[in-house]
Amino acid sequence: MKWNEVVIVTTTEAADATANLFIEAGAQGTVIEDELDFINLQDDGFGQLKDDKDIPASDQDVFVKAYYPDTDAFLETITLIKQKMAAMAKIDLDLGKYQLIVNDVKEEDWENSWKQFYHPIRITRYLTIVPFWEDYTPQQADEKRLLMDPGMAFGTGTHPTTRLSLEALETVIRGDEKVLDVGTGSGVLSIAAKYLGAGETYAYDIDPVAIQQTKKNVELNGFSDSISIAKNSLLEGIKDAKADIIVANILAEILLLMITDAWNNLKDNGTFILSGIINSKKDDVLHALIEQGFVIEEIKNSKDWYCIICKKEVED
């Protein structure tokens, strides 16, 4: 079968949203090639790449690639993608130079070539993310191996916003906490929470593709019986969950919509971890959190990306 490779040249800020847009338009697979992901991993002392040739030569541009079967409907798909990108530009996302390129590819080429970008990566002090097809033996006694299937859109969790979320979970989890993972994507944060010692863990996402991907990754790691997975729009309809920790790694504009619900679903002195915040949106998120009553505990960053750890402190 012939396939069409659609490439959008954009920015780190817009990469995840572009990949999700591709999936909504029916893509059978996506790849994000972002040099900053590799640079950030190398800078923190944990990243492990097999070879320098794995680093995309992007000169800071980000290449988001998607694959569609070569059918009569493909031209309509391109029109839909252009419409969705135009709508995305209106929500204050920096799309950069925004180029759209279409290439013809053979099925055997795209089914295997994307795997070259995924290798075992020591992403935090305790956590190593391992693509499920790779053989990997932990190098230290306390190292946790997270098996991941990159799947259609969500990667293996090496994006800076994911790494910041994982570092935050390492900081706050002490054991047996009830955790809500909102906008779970691949399920990597829920899985990591369990490896770090969390108790009841709930993974929510509105995207059915994300739900299926999370189920697959949860099963790969043996947590099917201890992570509850459900289709849900943020925390809508969830009342008084009394969670110890809520973690969300999504766009800042979406985080702002869930701050009140997060407050209402946390225990007193519970922790809210917010990631996916680009520098230009950080102050907006901080202001909204403080207005709600949250106390800021820590602000972590990797280049232009920020993660905020805050607490629901309630006076006796």
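Yeah, the Cβs are placed from backbone N, Cα and C, and that goes for glycine too.
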For the S-adenosyl-L-methionine site that TrEMBL assigns to Thr162, Asp205, Asn249, which of the candidates Gly96, Gly183, Gly293 is also assigned?
Gly183
Using the recorded S-adenosyl-L-methionine site (Thr162, Gly183, Asp205, Asn249) as reference, state which further residues of the same chain have their Cβ within 8 Å of the centre of those residues' Cβ atoms, listed in sequence order.
Ser165, Asp181, Val182, Thr184, Gly185, Ser186, Val188, Leu189, Ala248, Ile250, Gly276
Same-chain residues at least 6 apart in sequence whose Cβ lies under 8 Å from Asn249 (S-adenosyl-L-methionine binding site):
Thr161, Thr162, Ser165, Gly183, Gly185, Leu189, Ser275, Gly276
Could you state, as a whole number of Å, the largest distance between Cα atoms of any two of Thr162, Gly183, Asp205, Asn249, the listed S-adenosyl-L-methionine binders?
16
Look up Asp205 (S-adenosyl-L-methionine binding site) in the DSSP assignment and report helix, strand or coil.
strand
Number of other Cβ atoms within 10 Å of the Cβ of Thr162 (S-adenosyl-L-methionine binding site) across all protein chains:
27
